[in-house]
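The following features are taken from Swiss-Prot:
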- 738-765: compositional bias 'Basic residues' (COMPBIAS)
- Cys117-Cys128: disulfide bond (DISULFID)
- Cys146-Cys155: disulfide bond (DISULFID)
- Cys286-Cys398: disulfide bond (DISULFID)
- Cys310-Cys358: disulfide bond (DISULFID)
- Cys534-Cys552: disulfide bond (DISULFID)
- Cys665-Cys731: disulfide bond (DISULFID)
- 44-531: domain 'Sema' (DOMAIN)
- 592-680: domain 'Ig-like C2-type' (DOMAIN)
- 738-777: region 'Disordered' (REGION)
Amino acid sequence: MNANKDERLKARSQDFHLFPALMMLSMTMLFLPVTGTLKQNIPRLKLTYKDLLLSNSCIPFLGSSEGLDFQTLLLDEERGRLLLGAKDHIFLLSLVDLNKNFKKIYWPAAKERVELCKLAGKDANTECANFIRVLQPYNKTHIYVCGTGAFHPICGYIDLGVYKEDIIFKLDTHNLESGRLKCPFDPQQPFASVMTDEYLYSGTASDFLGKDTAFTRSLGPTHDHHYIRTDISEHYWLNGAKFIGTFFIPDTYNPDDDKIYFFFRESSQEGSTSDKTILSRVGRVCKNDVGGQRSLINKWTTFLKARLICSIPGSDGADTYFDELQDIYLLPTRDERNPVVYGVFTTTSSIFKGSAVCVYSMADIRAVFNGPYAHKESADHRWVQYDGRIPYPRPGTCPSKTYDPLIKSTRDFPDDVISFIKRHSVMYKSVYPVAGGPTFKRINVDYRLTQIVVDHVIAEDGQYDVMFLGTDIGTVLKVVSISKEKWNMEEVVLEELQIFKHSSIILNMELSLKQQQLYIGSRDGLVQLSLHRCDTYGKACADCCLARDPYCAWDGNACSRYAPTSKRRARRQDVKYGDPITQCWDIEDSISHETADEKVIFGIEFNSTFLECIPKSQQATIKWYIQRSGDEHREELKPDERIIKTEYGLLIRSLQKKDSGMYYCKAQEHTFIHTIVKLTLNVIENEQMENTQRAEHEEGKVKDLLAESRLRYKDYIQILSSPNFSLDQYCEQMWHREKRRQRNKGGPKWKHMQEMKKKRNRRHHRDLDELPRAVAT
């Protein structure tokens, strides 16, 4: 395909006499609507930052001028509050309104540490400060907090108790402790932690350079302090790991079987080759692991890991892999042992850029951990399936009195179990997605997915999982997964939302089901975003059904939030098919009160004119029809050398008298067609225009009108000749041109008034006809 494109470019440079035709071809290819399945990958609704502010569905945190880099969030649904970790600051915010009565703690790094950090060559603004990376609930009244401390991690406790009906929000500066192996040194390093039973489980780097990575357990009740970490001497365990998520997931109803699962990516080297690849992994350890008795002392004795596969199967048998895990989200189910695992992955290739979402089941993950182990003779060998004897109890099994009364803790494990786990921590089989491949993917776009949260929504026609996907350019994609026949899935992109004023990578997202809000952090700000904006879809039943948004339904008067209820109500919604014809039985009334926009446009013969028509839905296919003057029949307009269809409307070059008439812009989604714009075009004959021009030449009105018309015609030619020049840029240019024109009008008038004040010093004054053209008009 690239070779063909190069040939076309070469031909265009050689055959310059074909330039106008090639311009027309490139314009047509650039702007013609995309049809078929590709349309479904286009967000149906695209809202800018300004649109979100106007709809009151986006609230930016305004107290952020004192601290940036908002990558740590702790959601407290029960008390309706949000803790925000930033640069040198910790904020306590309300889930209802981020800017209402918020509190803050200023916690900078020690001055001597900042100076040492600078001497080490680190950046004073982006590295040599105290970036808050750990916010974990320690108990009902305290939060455990850690910061990078200018590459010297430090931890402490925040008091969140109540005193005289007022919330205490205070850092205990008298009980600060080292944050090594609890918090990363580098504020940009991927990191994961979870607190359970007053134990902190962390995946991070243990040194200044970030080379030694470890998964650790620290803290705990004062009477039972067990510090455990991965074995640094065994490179099979972890190799440059980047930790993404850590979770407590019970395996059975027996609490002795409780495990901590952690997700990460790491480097891997196969055989004697020097090439290293990035692989995504899931690992697990037992909560009751206290290390070995004679070997692996204060090291995990139940550590296992397996590969996570997220790939697109190729027709030739070669898969396309998304190997770099970026984020993990666990969607709760009724069974706390079996949450649905959602993962965001990206490609490692600099040529083939893409992102994907893969979904896994805990049953499949457990099956891999209960399967065969991988074996490697030495660093120069490849991983193979281990076929030897497996010691008892099975390595990776949690000690339990019900399993074996003689093994009460990991210190009771036989030596052969400890020796086996040191060399065989990798499982031979990999974990594959439940769908066999990605549930959602984005390929060759100008952004990558970075974050994900998922909401399970009950709609009128079923239950749906709605994904909110953050990107590295500060946008959020709202995607619904729809089950089709034969176990096929359809992914519909409902919205693309620009939640930040300027492009900024999304670092963290938290979902509040009670508030129906998303809380999104980036390096430049924090935003509170509503899960739904039903009123933006339109004012008709058809618009609401076409949206296919599980959150929204037609209530008879408007598109509003759908709430499941036992009462019988006339709520119309069709998420599965998006067919308003079956849902909106009073469809004619629904469309009639919508009323398409009607405008009258005048064009000058032999000049060009543009008929604007921008559908609200980007998934709609536009067709143009004309009803010529004196004719009752409508005919569809086909593009040719004079008529060019663009994504913004219809460009008609060299207007003719026969072009006069009523133009209908119709949008089609699925089987539903409706008119969104009616335009009456009146073509003024060139001879008539010249007569008018001569009659009004003294005032110069028509002259300016023609100049503006010719200028715009030249601009359209510029759009045709430059594929990189969009209509958005044209409109921006026209806006600035109008501003300059108004300033030019106002400036000379003011200057003229000043001259009138000084008329006693002048003998003659200019007449209006002698003034510059900008004033005369």
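Note: Cβ is positioned from N, Cα and C throughout, glycine not excepted.
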(request) Just name the winner among Cys155, Cys286, Cys358, Cys534 (the disulfide-bonded residues) by count of other CB atoms within 10 A of its CB. (result) Cys358
(message) Within a 10 Å radius around the Cβ, which one of these disulfide-bonded residues has the most neighbouring Cβ atoms: Cys117, Cys128, Cys146, Cys552, Cys665?
(response) Cys146
(message) Counting Cβ atoms within 10 Å of each candidate's own Cβ, which of the disulfide-bonded residues Cys310, Cys398 comes out highest?
(response) Cys310
(request) Pop the Cα-Cα gap between Cys398 (disulfide bond) and Cys146 (disulfide bond) into the table, whole Å please. (result) 30
(request) Work out the three-state DSSP category of Cys398 (disulfide bond). (result) coil
(request) Round to a whole number and give the Cα-to-Cα distance in Å for the pair Cys665 (disulfide bond) and Cys310 (disulfide bond). (result) 43
(request) Round to a whole number and give the Cα-to-Cα distance in Å for the pair Cys358 (disulfide bond) and Cys117 (disulfide bond). (result) 40
(request) Taking helix as H, G and I and strand as E and B in DSSP, count the residues of the domain 'Ig-like C2-type' (592-680) in helix, strand and coil. (result) 4 helix, 48 strand, 37 coil
(request) Please state whether DSSP places Cys552 (disulfide bond) in a helix, a strand or coil. (result) strand
(request) Would you report the average pLDDT that the model assigns to the domain 'Ig-like C2-type' (592-680)? (result) 89
(request) Can you grab the distance from Cys155 (disulfide bond) over to Cys128 (disulfide bond)? Cα atoms, rounded to a whole Å. (result) 17
(request) Determine, using Cα-Cα distances only, which of these disulfide-bonded residues is closest to Cys534 (disulfide bond): Cys128, Cys286, Cys310, Cys398. (result) Cys310
(message) Can you give me the Cα-Cα distance between Cys117 (disulfide bond) and Cys286 (disulfide bond) in Å, rounded to a whole number?
(response) 37
